[in-house]
Amino acid sequence: MDLVSTSTSPFSCRICNQKAHGNHFGVLTCRACASFFRRAAFSKWSQLKCQKGGCSRNFCKRCRLKKCREMGMDTTKFQYNRDSFRATGQFQLPPPRSLASFVGRPELFLFCDTEAPNAKMLIDVRYLLEEAGRIINQGYETPASGKNQLENLTEGFKYIKVDMNNISSSKYASKDAIISMWEYYFFTVTRWLMYFEGFQKLNSHTQITLIQSVWNVWSRLHKYVATVDYHKANPDTLPTNVVIHNTLVDIENVEFDSTWLSDYPVEHVRRYLSVQHCREFDILGTLRKLNPSELEITYLFAQICFEHAGKRNQGDIMKVTEQFLDSLANDLHDYYVNEMNNSRYFLRLTQLLKINQAIQFSDISPQKQIRNNIIKKEAEKLEKLQKSQFSIKRLSISN
């Protein structure tokens with residue numbers, strides 16, 4: 001609507017003859033008369049008689065309202081819901097951002113039958129703990145000779161480094177192959193930790209608890225390191241090729257037997273797992289760019305394992321792992337300053353640790369999500385996907 005300035009308007013209000021403000025509800029009026037009509041248009045004054053018996057200049061409310069209507073003020077020109085706030089009772093939740101968030105299920109399984117029977121299949125893994133205990137009792141395979149704990153642990157790098165001459169390829173991931181992979185990583189982590197003096201001094205219960213806590217996260221970092229090494233040695237290989245254990249797998253084309261893991265269709269399970277793989281390219285790119293030494297890689301493995309175990313178990317184990325991390329950090333500082341002659345290593349170390357951060361955070365933006373919620377949501381997705389469970393819950397692959 002066209003407004004007329006009160007300081008320069010030569011026009012008068014059609015209701016009270018005061019200086020006009022503008023066109024309100026179809027009539028040139030002042031602010032006061034416009035506000036009055038807005039308040040009184042649907043009030044009792046429309047039905048009452050004149051309070052003075054006849055108004056000529058100083059209108060009563062009934063006559064003022066009558067004059068407004070006679071001059072042409074129109075209630076159909078009222079505008080509603082223009083306030084910058086809303087009453088509490090009118091608040092409405094925004095619509096969900098996606099169907100998956102509304103339903104509470106991963107996108108890949110929206111149209112699967114949620115009522116279908118999903119009996120759990122028990123996987124007996126007690127023999128893993130028995131074999132790990134035997135390895136611990138055997139002690140070193142070869143005595144460590146490093147000058148500090150990080151160097152001793154680096155002597156176990158032979159368990160991290162993959163023999164490129166003995167890598168086989170596979171186009172089918174069977175149940176036996178997957179369980180064999182779990183065994184390999186569980187026992188390899190145990191042998192590797194035996195090179196760490198602090199681990200040897202722990203009681204057997206704490207040792208087993210640490211192994212149970214870290215074997216899975218250790219295997220994830222191992223997959224990245226082995227894959228980067230393979231791509232360096234074979235630059236023409238497909239970017240979707242990854243090395244798991246000592247096997248080359250095209251993650252996009254591998255046939256996957258998931259019938260023992262889940263009742264969901266195989267293609268849905270594989271698609272879910274391939275989505276997880278798509279998130280890993282940044283980690284692989286960072287490893288290629290930084291090209292860390294054996295000692296730096298060893299520190300990455302130790303850092304992610306002990307930090308993960310501490311946060312997961314809390315209490316006394318967290319105190320122990322914090323001591324381990326402090327000791328290893330001092331050894332790494334000595335390596336950078338005295339051997340690499342690099343006292344300004346902070347930026348490089350920060351970039352290296354971002355690899356571990358990405359693994360733990362599943363590369364979902366930490367600026368937008370709380371870490372605990374991320375882990376909980378991803379674990380819930382995997383829990384819905386699985387129909388198998390370990391005889392020892394702490395060994396679950398979702399941990």
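Glycine is treated like the rest: Cβ placed from N, Cα and C.
Here is what Swiss-Prot records for this protein:
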DNA_BIND  10-80  DNA-binding region
DOMAIN    149-392  domain 'NR LBD'
ZN_FING   13-33  zinc finger
ZN_FING   50-63  zinc finger
The DNA-binding region (10-80), counted residue by residue under DSSP: helix, strand, coil: 27 helix, 8 strand, 36 coil
Across the zinc finger (13-33), average pLDDT on the 0 to 100 scale: 85
